[in-house]
C-alpha cells in the first residue's frame, strides 16, 4: 500500500499530532545563513566582478562581463517563436486570465472632506522597478514568470527585471517566451543569492530594484530575508501544501491525483485529505495505489506522502473546517457538493478551490488567481501575491486653517503628554494668531 | 548659528551628497543580533520562566508569575479615570478620527463570473489575534497605541494583545487610557526582545499572536525581524524623517518648528528643508537660532540637525519634487500655496501633508491618517500601516464543468512543459469522460 499517515479527530491526541504534522522549521541553519551573508556582502561591495565569479563557481557559466549575461531581445524573440504553438497559446491564455483577475485587484486613490474642510486621502502609486527571480536549470517554470510579472505590469510598474540561472548555459525557451508574453523588460541569466544581492544593491550592470519577488531554493530564500528592508520582498516560501476537504462524492481518482499533484513538487510538499467518510479514504488510498506507478515523479510523490501526507477522518464537514482553519493551508480544495456553504467559515487559506471540478492544478496555471501563496501557516496573516504587492499608498492630508486650528488643540495636548514640546508648538503655530501662511 | 548642513542642486556632487546624507545602515550588527537570538530562543523554549527572568534582568521588574504582569481591568479603568479630562478628550478625538479614516480603507470580498460560468473572487478576512508592542519607561506614546490598535479593531481583529515594558514598575496612565479607548483586550507589562518572542511563540500565559506591530528600540526591531515568518510584522522602522518642500511663503517660524518637531525624536532623526529661495532658507535658520534655546529637548534637536539635517536649495519646485522622490521620505510636507499641483508628481512618500497649515504634527496625532510609516527610503515599496495590514485575502475559484474542461487544456500543456505530470493529469481528469463529480 501507499505509505501515508492516517489520523482521526477521535484520537485524544489528534490536535497535537496535526500540529506536529504540519509544523515546519523555516530557519535555514547558521551555516547556510553565513554562506549567504558572504555572497550578499560580496556582491554588494564587489559588484559585477563578484557577480561574475559567483556565477562561474555556482552555475558553471563563464562570461567575460555581466553584460554578456543579459539575454538579448533577439534571443527572447527566437524563444517565443521556437516553442510549439500549443505552448504559446496556453501561456497566452493563462496570461490573459491572470491579467483579467489582477485588474480587479487594483486599488485607486481616494479623498474625502471632513466637516471642517480638511481633505483626507490616500494616493496610490506603483513601485518603480521590480525584480522577478525565476528558478532555472532542470526545473523550468514559465507559469511562475506569468504569476509574478503580470500583476506587476497591471499595477503599473515601470520596469521589470528578471533573473533566471542558466547552469552550464541551460535556459528554457518556455521561460523566455513567458517573459515576453508577460512584458518583462530585461532578463539576466543569474541565480542564487548572488542574483538577489545584485537586484537589491545593483551592480555596474544590473540595475537595483525596489522589490524582489519570486520563488527559489533555500539560498535564494535566505538572501531575500537578508536584503528585506533594503528592498521589499514578497514572502519567504516554505514547501507547497494542499488540504482537501471532501464529502466523499468525487471520483476517488480525482482526489488521489490532486494529492499527487501536490506531492510531486518535492519530498517536503504536503498533501492532506480530510473527509468524514472513512470508506472513501480507503477508496482514495486504493486509487493512489493503482495510479502511483504510472507517475513520472513517483519516487518524489511516494516520499512526500510518506513523510508529510495524511488521510484525516473527521466527524463531519464542520469539523473538517476546523481542521482547515488550524492548518491555514496554502491551497484548500473544497471538494464538496455545496462548497459555498463551507467557504464562509474558512478563516485562513491562501487559495480556495470550490467544488468537485476545481482541481488545484487549474488554479496553478491559468484560471486567473495567483499561484504565489502564503505557505507554512502564514495564511493566518499573509495573502496571495497580487497587484497590491506592486502598489503602494501615501496618506494625504490637507488642513483648512479652521481645521488645523481645531486639530492643533488635541495634537498639542497629546504632544505634551508625550514630552514632545516642538510637536506641540508646531501644532499650536497653526492656530490663528501666530504668524501667517499665505 | 544652528549647525545644519547646506546643499544646493547646483553643486556637481549634489546627488551623491544627498545619497550619503539620507543613507542609513539598518543592519544591527552581529553582537546585537546574537544577543537577540539568545533571548528569542530562550523564551521560545523556556516560556514563562524565561520571560520572568529576562523581565527581572532587563526591566528590573520582579514578579512571581507572568500572570502578575498582566494589567488588570481595574487598573486600566483607574488609569482612564486618573488622566486629566483634556487628555482624555484629546485621545478620544484622535481615536474617532483615526477610526473614520481607517474605515475608508477596509477592502471587501468580491466575486465575478467569466464567460464559461467559472466564479473567481477573493475572500477578505481579518487576522485573528494581533500583538501591539508599545515602548515604555520614560517615553510614553499613547498616540502609538491608538495608531496601531484602532485600525486592527476596524479590520475586525478578534483579540488585541498589547505589551508595554514597565521598567521598575513605571507605567504611563496615558498609555493605559489610550489602550482602553482603542479597545485593546489584554495588556502585559513586558518589553524588549522577550516581549516580541512571547507574542510570536506564546508562553504558558501569554497567547501567541498572528502578527506583531508597533515601534521599539534596536532589540525590538531585531526580534521582529527574527520572528518574521512565524508571525507577520508591520515593518522594521529606522529613524524618523521629514522632508519639507517650501515655496518660501509660510512664516519661517512655522517651518523651523516643523523641522524641530522631527529632530526632537532622537539624535538620528532627519529633518530636511528644500526650497528654491535661499534667502528664505536663511530666514528659517535664523528662526531656528531664535527658538532653539526655548525647546525642552534642545540638545537632541541640536545634535540631530547637525548630524542629519540639511537646508537644500533647488532651482525650482519641480526640482524639489525630484529631490523628494529620490529621498522617498517618511513624512513629506508640501508647504506651498498650491500643493495639489505638486502632489501628483510625488512618487514615493509615507505621508504627504499639503499646504501651509498642515503641520506634520497634526498628522502625527489626530488628523486620521496613520503615523506608522515607511522610513529609510522604504516608501519606494512600502506603505503606511492601515486596515490592510490587519486584513488578509484568500483567492477563490469555482469552476463549472465546462469551464474546468476548457481550463484543463491550457493547464495540461503548461504542466507538461514544467515536467509535472500529476498536475497535467489532475487537470485532464476534469475534462468530460473521466469519472464523475456529482
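Cβ atoms here come from the backbone N, Cα and C positions, even for glycine.
Note that TrEMBL annotation is computational and uncurated.
According to DSSP, residue A:330 (active site, proton acceptor) is assigned to coil rather than to any helix or strand. The Cβ of residue A:330 (active site, proton acceptor) lies under 8 Å from the Cβ of A:240, A:241, A:242, A:349, A:350, A:351, A:373, A:374, A:375, A:379, each of which sits 6+ residues away along the same chain. According to TrEMBL, the feature active site, proton acceptor maps to A:330 (among others).
The C-beta environment of residue A:331 (active site, proton acceptor), restricted to residues of the same chain at least 6 apart in sequence and closer than 8 Å, consists of A:240, A:241, A:242, A:243, A:262, A:349, A:350, A:351, A:353, A:360, A:363, A:373. The annotation active site, proton acceptor is assigned in TrEMBL to A:331 (among others).
In the shown protein chains, 30 other C-beta atoms lie within 10 A of the C-beta of residue A:194 (NAD(+) binding site). Secondary structure at residue A:194 (NAD(+) binding site), as computed by DSSP, is helix. The feature NAD(+) binding site is assigned by TrEMBL to A:133, A:194, A:217.
In the three-state DSSP classification, residue A:418 (substrate binding site) falls within coil. Neighbour density for residue A:418 (substrate binding site): within 10 A of its CB lie 20 other CB atoms from the protein chains shown. Residues or ranges marked as substrate binding site by TrEMBL: A:240, A:262, A:265, A:331, A:364, A:418, A:423.
The Zn(2+) binding site annotation in TrEMBL covers A:262, A:265, A:364, A:423. For residue A:423 (substrate binding site), applying a Cβ distance below 8 Å and a minimum sequence separation of six or more within one chain yields A:411, A:415.
With a cut-off of 8 Å between CB atoms and residues at least 6 apart in sequence, the same chain places A:239, A:240, A:300, A:304 near residue A:265 (substrate binding site), listed in sequence order. Every protein chain considered, the tally of other Cβ atoms within 10 Å of the Cβ of residue A:364 (substrate binding site) stands at 28. Within 10 Å of the C-beta atom of residue A:262 (substrate binding site) sit 32 other C-beta atoms, taking all shown protein chains into account. Sequence-distant neighbours of residue A:217 (NAD(+) binding site): residues of the same chain at least 6 apart with a C-beta under 8 Å from its C-beta are A:135, A:192.
Of all Cβ atoms in the protein chains displayed, 27 besides its own lie within 10 Å of the Cβ of residue A:240 (substrate binding site). Under 8 angstroms separates no C-beta among the recorded positions A:133, A:194, A:217, A:240, A:330, A:331 from a C-beta of chain B.
Here the C-alpha separation of residue A:418 (substrate binding site) and residue A:133 (NAD(+) binding site) works out to 45 Å.
There are 28 other CB atoms within 10 A of the CB of residue A:133 (NAD(+) binding site), with all protein chains counted. If you take the Cα of residue A:194 (NAD(+) binding site) and the Cα of residue A:364 (substrate binding site), they are about 28 angstrom apart, rounded to a whole number. Within 8 Å of the centroid defined by the CB atoms of A:133, A:194, A:217, the record's NAD(+) site, lie the Cβ atoms of A:135, A:163, A:165, A:190, A:191, A:192, A:193, A:195, A:196, A:216, A:219, A:220, A:223, excluding the listed residues themselves.
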